[in-house]
Amino acid sequence: RQHEAPRRVKRAWVIPPISVSENHKRIPHLLVQIKSDKQQPGGVIYSIKGPGVDEEPLGIFSIDKFSGKVFLNAMLDREENDRYRLRAFALDLGGVTLEDPTDLEIIVVDQNDNRPLFRQDVFTGRVVEGAEPGTCVMTVDATDADDPDTDNAALRYSILDQGAAGMFSINATTGEICTARPGLDRETMGVYNLTVQAADMSGDGLTTTAMAVIHLEDINDNPPEFTKEEFSMEVEEQAAGVDVGKVFVHDKDLAGSPSWLAKFTILEGDPEGAFAIRTDPHTNDGVLSVVKPLDHEVRDRFELTVSVQNERPLEPSAPASPRALATVRVRVRDVNEAPVFRENPRRISVLEGTPPGTPITTYTASDPDTHQIQTLTYALLYDPADWLQLDPHAGTVRTKRELLHPSAFLQGGWYIALVLARDDAEPPLSATGTLSIEILEVNDHAPQLQPPVGVLCGRPGRGGTLLLGATDDDRPPHGAPFHFQLSPQHPQLARNWSIARFNVTHAVLAVLAELAEGPYSLPLLLRDSGTPPREQEQLLNVSVCHCGRDGTCLDGALAAATAGAGITLGALMIILGSTILLLVLAGLGAARVRGRRRALRKGLLQHSRDDMRDNILNYDEQGGGEEDQDAYDINQLRHPELFCPRAKPPLRRDAPLSSGTPMAPRKLPSSPSDIEDFINEGLEAADSDPSVPPYDTALIYDYEGSGSVASPLSSIVSSLTDEDQDYDYLSEWGPRFRRLADLYG
């Protein structure tokens, strides 16, 4: 064959889709019979595979393998699976495929077996009161699990119940709820509860319901109103910052909202501004309070006109109404008031030294309670210097003792006292008044010469002058400037002396003729500038000294001694007594120190009466010490001039080459008991010598003679190590160093 003809598909093996209704109750139910065109003598084996057979859900479909009949074994639910796609196979008895697998599609036909479901059980919406018809509030919506392409899922909405008013309507298709008519009033009905329904099959099928709750939002369409036209209150006089009472109002709008909150105003009856009114945020009532003290004696009652309105203005749609007004009558109750000092503080002036018992003022208070008969009494509350006495009934203040100046109780010349006024009411009240008394200065002191003694040169001209000064216990203007003059009762003084003004407090005394050395007493008259002026004659003790060329005293000690003529005998005795006391104390201290030294020395020497070198050897065992007690004669230390009178003191081996010569010989001790002092003095001299470093200075006390074959002990430590030091020479130093030679040799 040149060309093979196209292969024709067997129509019996092509299976069209099979429809079966969900919820089919007759099972098993024959759906279709499949058949292969390739029949075999032994027959054909049929099988199917796919969801519902060998895949989840299992066991829904089955096939007779010999006849090819396909059966439904369970009820179907379109909402779970709306179709099943299977594969059909045809095999011979040996398992060889006779036909290519073919598709078997089973479509589940929908039934109206699901009710509509609202997305929520309760829908909530809000709309302002007075809304126009057609104002949409909310939308309710539902779903249906049935096939949306069929009437089984075609929903329609309706309002089953909304009360008798019928204020709302619903769109049957969209579920949108809107206002249907005017007249929504929150004060009449604030919440509407609607029962809405959703039905499938375009409203003729299965149904479900839900609630739609609509809240009306408040607007300010109701003004506040007083609960009554008149209110009466009472308040005590002199009370400030206290609440008097409340005025009550009513507002139909939503409590707590700006449309409900009230604002009060006092229109009439309070020209002084003594009252204030505020709003209680919790109750919306007006609270009347007193902001200024009231006086029953001045005005005992008030009649106030109060208005009220909302914080937010009324809506234009609200019905017009006049402003709400009310009358508030307030009675001021009389109470006992404290006395009042009209002049506080009271300032007066009193002359210094005013005699006791002198009336200086009458300080009284007044009682504001003019409608009550009360008696006031007075007492001194504060009188630190106890200068005053007070009449308890008349309030007259008198001096109790002289008012002196200066005093620690005066502040800038003022004396402060407190007066207490008390009424006789029950309970009694009191007030305090301040009495400020100015103590006026009186010129009762004459100026005093300061100082009353002096020294000057007795030669006229240069050096023959003395600066005089004065002081006055009085305050200005009763003090300086001072006037100095020689006593008019002694005119002969003017031949030798003169006084000239230097400044307001000082003058210059000058010598007019050359005077002999010695003391002079000059009577001077001093006068102040007070009114009237006070003057006093005083003696000036002047010592004239021997003058030098430059006008100064040549012998300062003599001048001081002569000037001492002006010192009193008592002062001189005090100075001499103090000097003697200091000398006695110094002597006792020195004797005590010396006594301690002698006691210490006696304690050290009490075990031996031998020479000092024995004591030196008794401190410790140095090795062979007792055999060498004649190695050094201490007489050389006591009397070096006997042994080496002209010998030059040897140079210190530990001193630098540039060191100076030793200091002059010190006074030698006169007895062995003074050797300690002698050695200590040498130690102090060595420590204080600035010409050499302190090396072994403490070991050198004095020149100990010449010709010793022994080297100084300080050479023993002249090396830092023992390895490079030769100690063999120690054996040549004598028996005293035999022990060291055995240790180091």
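Keep in mind that glycine also has a Cβ here, set from the backbone N, Cα and C atoms.
Per TrEMBL, the feature domain 'Cadherin' maps to 12-118 (among others). Mean pLDDT for the domain 'Cadherin' (12-118) in this predicted model: 88.
Per TrEMBL, domain 'Cadherin' is recorded for 119-226 (among others).
Taken from TrEMBL, the feature domain 'Cadherin' covers 236-341 (among others).
According to DSSP, the secondary structure content of the domain 'Cadherin' (342-449) in residues is 0 helix, 47 strand, 61 coil. If you look up TrEMBL, you'll see 342-449 (among others) marked as domain 'Cadherin'.
Per TrEMBL, the feature domain 'Cadherin' maps to 464-554 (among others).
Among the features that TrEMBL reports, transmembrane segment is placed at 569-591.
Here TrEMBL flags 648-672 as region 'Disordered'.
For the domain 'Cadherin' (464-554), the DSSP counts in helix, strand and coil order read 5 helix, 45 strand, 41 coil.
Between the domain 'Cadherin' (236-341) and the domain 'Cadherin' (119-226) there are at least 3 Cβ pairs closer than 8 Å, counting only pairs 6 or more residues apart in sequence, which means the two stretches are in contact.
Applying DSSP to the domain 'Cadherin' (12-118) sorts its residues as follows: 2 helix, 43 strand, 62 coil.
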